[in-house]
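Down below is the structure, laid out as structure tokens.
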Amino acid sequence: MSSIHDLDFIKEKLEELKKAGVYRKLTVLESPSGPRSIIDGKKVINLSSNNYLGLANHPRLKKAAIEAIEKWGVGAGAVRTIIGNMTIHEELERKLAEFKREEAVLTFQSGFTANMGVIQAVVDKGDVIISDELNHASIIDGCRLSRADVVIYKHSDMEDLERVLKEVKDKYRVKMIITDGVFSMDGDIAKLPEIVKLAEKYSAITYVDDAHASGVLGESGRGSADHFNLHGRIDIQIGTLSKAIGVVGGYVAGKRELIEWLNHRGRPFLFSTALPPAAVAASIEAINILSESDALTRKLWDNAKYFKEKLKSLGFDTGKSETPITPVIIGEETKALEFSRKLFEEGVFAQGIVYPTVPKNKARVRTIVTAAHTKEDLDAALKAFEKVGKQLNII
């Protein structure tokens, strides 16, 4: 008989994970996040980082962080609505609003908490959320917390989206369409022009999670709205400071009244200590770098195009990727994990992704090249992919 006191029921659940082959241990990174990293004691080419632009170890960001610690200390000491709102926080939000070409921005502790906080503050019981079936887990959790009804539409299927919009047209006070800007497992881009047209036709709010588009799509990485020239037509944009920006945190960009409302009702914002000064200063410096030049985003896309084309020429299935996120579709879960393990033996770290993160029989090794990778890095990785792919009869 299990006892709550000694957590036997948790032990049983862990055993179930092990039997199903989905139990995992944390990978240990023993160096800064970069194109070549030390992982579990082995120096490898890193193809699994979200550090798209190589900014996580950039000297200008490190200098800004150190100077901020000297000036502001290591922590804000309070939530921003009490006494944790430093001038540096306000400066970051002004910079982000200018960069995103939006009226205002509010920062959160992560992109995950931004989604959870914004969704539940904007919609409520009596409203409806229309959500893409492949949206991120933070969107799913935010929808659950909102108390609004949730209707799922087929992934990037505009006919299905319109079908849902017709069904809910006169039944709800507020209708909100939510989509990722770039989908993290397949690397495809949301059909935002069509989504925006449908939202305008059926009087719905548009909400875009730009976590994997910020710093990647648009002029100097301004995101999906800029990529599609949709400024002023997307109501709510979520961004992250932890991927291309290279630091930590999240934010929401939009109309000033939206930000004012979130100041009063965004629960993760209201009840979490403000971002530490070092992270804020480093994020400001990252935005400065992107605003000065598009060199990093151009290098990122050059590398992504090169790597993707070479993988395809070797015979790998890269799915429907349109971005630096390039999955190598394997199919079988065990083979995908073995592929990842053998790549590591060859000096390449590329994470195997299996069910339930992706559908059954759609297991893959997901790769992300960065602006910091050299052509030599990519060629060495491709050589390993070819060798292991042939060993496992994948190509």
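Please read every residue number as a count from 1 along the shown chain.
Including glycine, each Cβ sits where the backbone N, Cα and C put it.
The pyridoxal 5'-phosphate binding site annotation in Swiss-Prot covers G111, F112, S184, H212, T240. Summarising the environment of H212 (pyridoxal 5'-phosphate binding site), the number of other Cβ atoms within 10 Å of its Cβ, over all protein chains shown, is 28. Taken residue by residue with DSSP, H212 (pyridoxal 5'-phosphate binding site) is part of neither helix nor strand, so it is coil.
According to Swiss-Prot, the substrate binding site annotation covers H136, T357, on the basis of similarity to another entry. Reduced to three states, the DSSP call for H136 (substrate binding site) is coil. Within its own chain, H136 (substrate binding site) has N115, D180, S184, D209, A211 as residues 6 or more apart in sequence whose C-beta sits under 8 angstroms from its own.
What Swiss-Prot records for K243 is N6-(pyridoxal phosphate)lysine, and it gives similarity to another entry as the kind of evidence. K243 (N6-(pyridoxal phosphate)lysine) falls within neither a helix nor a strand when secondary structure is assigned with DSSP, and so counts as coil. Residues near K243 (N6-(pyridoxal phosphate)lysine) in space but far in sequence (CB under 8 A, at least 6 apart, same chain), listed by position: N50, N51, Y52, A211, H212, S214, G215.
Cα spacing between F112 (pyridoxal 5'-phosphate binding site) and T357 (substrate binding site): 16 Å, rounded to the nearest whole number. Between the CA atoms of T357 (substrate binding site) and T240 (pyridoxal 5'-phosphate binding site) there is a gap of 21 Å, rounded to the nearest whole number. Listed in sequence order, S110, G111, A114, D210, A211, S214, G249, G250, Y251 are the same-chain residues six or more apart from T240 (pyridoxal 5'-phosphate binding site) with CB atoms under 8 A from its CB. Cβ packing within 10 Å was compared across the binding-site residues S184, T357, and the lowest neighbour count falls to T357.
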